[in-house]
Ligand SMILES: NC(=O)C1=CN([C@@H]2O[C@H](COP(=O)(O)OP(=O)(O)OC[C@H]3O[C@@H](n4cnc5c(N)ncnc54)[C@H](O)[C@@H]3O)[C@@H](O)[C@H]2O)C=CC1
Ligand SMILES: O=C(O)C1=N[C@H](C(=O)O)C[C@H](O)C1
């Protein structure tokens with residue numbers, strides 16, 4: 001059987017360099033291009049890439065996806081910075097290239113995907129929910145894409161269940177003390193030397209709390225999800241948001 005031809009964008013970065021090794025080690029894949037900032041995207045078409053793994057920066061991802069989708073190259077995207085406006089732009093590109101698939105995964109690790117699912121399930125049953133994400137200090141965006149997505153899923157689950165707004169008597173606060181407000185869910189971002197990628201979802205009810213915690217201790221935690229994304233995106237035209245759609249975690 002012919003191998004899946006995979007390119008990595010952001011190939012010298014922290015996760016991109018790990019993805020290069022993972023693709024090289026996969027029996028059913030061939031690494032056909034490994035591009036860094038400033039490299040010519042023409043290498044993607046010249047190398048005949050079927051899938052581009054996009055692991056760059058929020059300021060680069062849209063131009064890279066514009067190129068990929070216009071050339072019918074499927075994409076597996078881990079880069080953060082997704083806004084409604086960016087998603088609408090991407091959907092417009094995909095409408096013009098209906099056979100192309102793009103997977104955006106706020107987090108490729110199985111544990112993080114499950115944490116989001118568990119948080120969604122638990123959120124309607126507790127009065128209070130807050131998200132704390134903790135990352136290495138070289139991370140350029142806050143809150144993390146994972147925490148933002150987690151909070152959005154929590155808020156949607158609570159809205160659907162008709163939950164009341166969260167109790168919070170705060171009358172005075174230093175700016176930022178109560179975190180960022182993501183659809184009514186407070187999200188707090190910690191940056192600490194020694195950490196990689198971690199998240200806690202704190203849920204509180206009458207006389208009890210529940211804490212969901214996930215820790216990515218090494219970039220290898222993201223690799224099975226990236227490889228799965230590459231294998232599945234080629235037969236999933238359009239936009240898929242969240243790795244859970246390629247996993248049976250319902
Ligand atoms: N979805 C997930 O599971 C994960 C997502 N990430 C996200 O992936 C992104 C990258 O994270 P890190 O590797 O830690 O950052 P990094 O800064 O180590 O790597 C980014 C790399 O992309 C390169 N780059 C920038 N523009 C480029 C372009 N136009 N073409 C090719 N290369 C370009 C940079 O020079 C750098 O080498 C971030 O948005 C991060 O949040 C990181 C880990 C897991
Ligand atoms: O920058 C990182 O490191 C990570 N970024 C993603 C995010 O913002 O959620 C995924 C993971 O947390 C690692």
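The first residue you see is number 1, and the count goes up from there.
Every residue gets a Cβ built from N, Cα and C, even glycine.
Nobody curates TrEMBL annotations by hand; they come from automatic prediction.
Secondary structure at residue 135 (active site, proton donor/acceptor), taken from DSSP and collapsed to helix, strand or coil, is strand. If you take the C-beta of residue 135 (active site, proton donor/acceptor) and look for same-chain residues 6 or more apart in sequence within under 8 angstroms, you find 144, 189, 190, 191, 192, 195, 196, 197, 198. According to TrEMBL, the active site, proton donor/acceptor annotation covers 135.
Among the features that TrEMBL reports, active site, proton donor is placed at 139. For residue 139 (active site, proton donor), the same-chain residues 6+ apart in sequence whose C-beta sits under 8 angstroms from its C-beta are 191.
Same-chain residues at least 6 positions away in sequence with a Cβ under 8 Å from that of residue 80 (NAD(+) binding site) are, in sequence order, 58, 106, 141, 144, 145. The NAD(+) binding site annotation in TrEMBL covers 10, 11, 12, 13, 14, 15, 78, 79, 80, 105, 106, 107, 108.
TrEMBL lists 136, 145, 146 with the feature (S)-2,3,4,5-tetrahydrodipicolinate binding site. A simple way to gauge crowding: the CB of residue 146 ((S)-2,3,4,5-tetrahydrodipicolinate binding site) has 26 other CB atoms within 10 angstroms, across all the protein chains here.
According to TrEMBL, the domain 'Dihydrodipicolinate reductase N-terminal' annotation covers 5-108.
Positions annotated as domain 'Dihydrodipicolinate reductase C-terminal' by TrEMBL: 111-247. The average pLDDT computed over the domain 'Dihydrodipicolinate reductase C-terminal' (111-247) stands at 98.
Note: the Cα of residue 108 (NAD(+) binding site) and the Cα of residue 146 ((S)-2,3,4,5-tetrahydrodipicolinate binding site) are spaced 10 Å from each other. Note: the (S)-2,3,4,5-tetrahydrodipicolinate site is recorded as 136, 145, 146; in the same chain, 80, 106, 107, 133, 135, 139, 141, 144, 147, 197 also have Cβ atoms within 8 Å of that site's Cβ centroid. On the backbone, the CA of residue 12 (NAD(+) binding site) and the CA of residue 146 ((S)-2,3,4,5-tetrahydrodipicolinate binding site) stand 22 Å apart. Note: residue 78 (NAD(+) binding site) has non-local neighbours 15, 53, 54, 55, 105, 108, 222, 226, i.e. same-chain residues 6+ apart with C-beta under 8 A of its own C-beta. In the domain 'Dihydrodipicolinate reductase N-terminal' (5-108), helix, strand and coil residues by DSSP number 39 helix, 24 strand, 41 coil.
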